[in-house]
């Protein structure tokens, strides 16, 4: 059976992880390579590295970092943050990334998804959507959640999949940072209506939240950052819990 | 020991190269016939589309070269599918080491299944020397929309929609549908067993 995936997300700035506390078994929790390798060892199924660097040198720094990660980490990983062209994606995949995630640039230029999937295959193109519930429905937000659009998340996700997105990484801004659980409603709506995997993000606080998003919303994967970085939850402990609940998990 | 990774237009060559590096093995990425023939082990990786890949291999006569190799060869993902006889992906005649058809996953109407299959799935019915250091039901990382049917050459089975070949073996040809280079320690052990052949 195909298993549900647990995905730690690491924010990167100038080649360093932004969040992260002192892990006893690694020398430098700010080193994305060490932290990534540690998560892999602890049973993470995939990793996401989100680059939030804003400087002009970011592209070169990022591709060098990606190569270092690919050398050391023996599970698949996705790289995202500010990717806006076929050239950007080509550089990152050639550097050793397994997948890339695109967000604002794809919304502004949806043809990018067609171009990327034709060039590299849908399986490595993840569409990230930041969404917020207001006025009775879920809307797409851009630029890291700073810019509202009047487009429904369900509509954009469907169009994106038709254009070639191979996975949807859905972050609920209402839930993100609350530790009150994932947005089951919109995650479930996407998961049940799209023929590509949906990765739920935002709101993980307890192990039950993960079980809920898999069992009730049918998510294919769940992503979290701070609960892993601040060691509020160990991946192995989470997987044991899910396994005992009967969730299909790599164990 | 000389390990060669086949260079062609469909590759996850870098990932395979890095996986070997983690095992302390240096490999060459090459499409040079002499270098390939002289290698002790040949790895045939692949992420991409079947007809474009086969056209590229045929144009350079690499298809016949691969078929005639006598040393252990490991096909990975698309590499495994191209070692089969024919693929439904753009109706492509392949190399034909394995007498098997490669088909596309069909999602049952009543229960929507996501295609491609992306993620970790367990493998069973293991009987190949390359699985010496993995266990029945160990999980491997798969990314694919097409699969090889079951046959007498099947050495591992996975299930997604139906049972299909997760691995094949015939003479000196070994092949896996999953990505051992991305399958954590279990995958690493398979590559190591292959390199020890």
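From the backbone N, Cα and C atoms, a Cβ is placed for every residue, glycine too.
Heads up, TrEMBL stuff is auto-annotated, nobody curated it.
Listed in TrEMBL for this protein:
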- B:77: active site, nucleophile (ACT_SITE)
- B:179: active site (ACT_SITE)
- B:181: active site (ACT_SITE)
- B:10-195: domain 'Glutamine amidotransferase' (DOMAIN)
Residue B:179 (active site): tally of other CB atoms within 10 A of its CB: 25
Euclidean distance between Cα atoms of the residue listed as 'active site, nucleophile' and residue B:179 (active site), Å: 7
Average model confidence [pLDDT] within the domain 'Glutamine amidotransferase' (B:10-195): 95
C-alpha spacing of the residue listed as 'active site, nucleophile' relative to residue B:181 (active site), in angstrom: 11
Long-range Cβ environment of residue B:77 (active site, nucleophile), under 8 Å and at least 6 residues apart: B:12, B:45, B:46, B:47, B:143, B:144, B:176, B:177, B:178, B:179
Coarse DSSP state, helix versus strand versus coil, of residue B:77 (active site, nucleophile): coil
Neighbour count (Cβ, 10 Å) for residue B:181 (active site): 27
Collapsed DSSP category at residue B:179 (active site): coil
